[in-house]
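Accompanying notes for the structure given below.
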Amino acid sequence: MASAVVRVAGRRLSQQSASGAPVLLRQMFEPKSCTYTYLLGDRESREAVLIDPVLETAHRDAQLIKELGLKLLYAVNTHCHADHITGTGVLRSLLPGCQSVISRLSGAQADLHIGEGDSIRFGRFALETRASPGHTPGCVTFVLNDQSMAFTGDALLIRGCGRTDFQQGCAKTLYHSVHEKIFTLPGNCLIYPAHDYHGLTVSTVEEERTLNPRLTLSCEEFIKVMDNLNLPKPQQIDIAVPANMRCGVQTPPS
């Protein structure tokens, strides 16, 4: 693992982000899979991280990064997605020096593999990795070092959560992940999910702790709900999962 991805105590991280300009944040949307991609950058060092890029919008993301004068260090996936092909492969070719990152528990290839407690540094900032399995075994949530925002992937959505009926998902595991790894964050911590299907963009920990119709249930009730969703499988799953297992180390097929 490269030295830029290291285990760092939360207190030290908070001190790093307490001075200077706030983190640069851009939320971008891909309409076919209703996926949010997040660009975070340090306004001083110009180092940046991109979370959950999508193949169809990778050139858009690269153009924005260039326009803002940023250097993309990492293209990060919160998990091995089933509804779209990751844009990490294209971004690595468009932006030399960018490395792909994913949880080691995903089983996917990447330049760097991370796990619980690892931190991804960019300038004065860092993202803490919190394992949040359940939607898939390799799901992670990324928490900015001052705990002002969390990027929850498919583990926690706005008034919802990721499904648990494929990719070795487990409703009980997801319930405990959200309650133990996300709902323990400060109430005003902003929640940025990987998807939204209703035009919503951001929530907070307190909102989801009190208003999320699934995750305010008991664990037993939650499992019953998740086991009876009867959703169709994602349209791209047979193409997306094999491509995403390469996680951008090899350019995905177009």
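Keep in mind that glycine also has a Cβ here, set from the backbone N, Cα and C atoms.
Listed features, source Swiss-Prot:
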- HIS79, HIS135, ASP154: Fe cation binding site (BINDING)
- SER14: phosphoserine (MOD_RES)
- SER17: phosphoserine (MOD_RES)
- SER19: phosphoserine (MOD_RES)
- LYS32: N6-acetyllysine (MOD_RES)
- LYS32: N6-succinyllysine (MOD_RES)
- LYS66: N6-acetyllysine (MOD_RES)
- LYS172: N6-acetyllysine (MOD_RES)
- LYS172: N6-succinyllysine (MOD_RES)
- 1-7: transit peptide (TRANSIT)
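DSSP assigns LYS66 (N6-acetyllysine) to a helix. Note on proximity: of the recorded positions LYS66, HIS79, HIS135, ASP154, LYS172, the one nearest LYS32 (N6-acetyllysine) is ASP154, by Cα distance.
Take the mean position of the Cβ atoms of HIS79, HIS135, ASP154, the recorded Fe cation site; other residues of that chain with a Cβ within 8 Å of it are THR78, HIS81, GLY134, THR136, CYS139, GLY153, ALA155, GLY162, GLN167, ALA194. When Cα-Cα distances from LYS172 (N6-acetyllysine) are compared across the recorded positions LYS66, HIS79, HIS135, ASP154, the shortest belongs to HIS135. DSSP assigns ASP154 (Fe cation binding site) to coil in the three-state reduction, placing it in neither a helix nor a strand.
Here the CA atom of LYS66 (N6-acetyllysine) lies 33 Å from the CA atom of HIS135 (Fe cation binding site).
Cβ neighbour count within 10 Å across all protein chains ranks HIS135 highest among the recorded positions LYS66, HIS79, HIS135. DSSP gives LYS32 (N6-acetyllysine) a coil state; it is part of no helix or strand. On the backbone, the CA of LYS66 (N6-acetyllysine) and the CA of HIS79 (Fe cation binding site) stand 26 Å apart.
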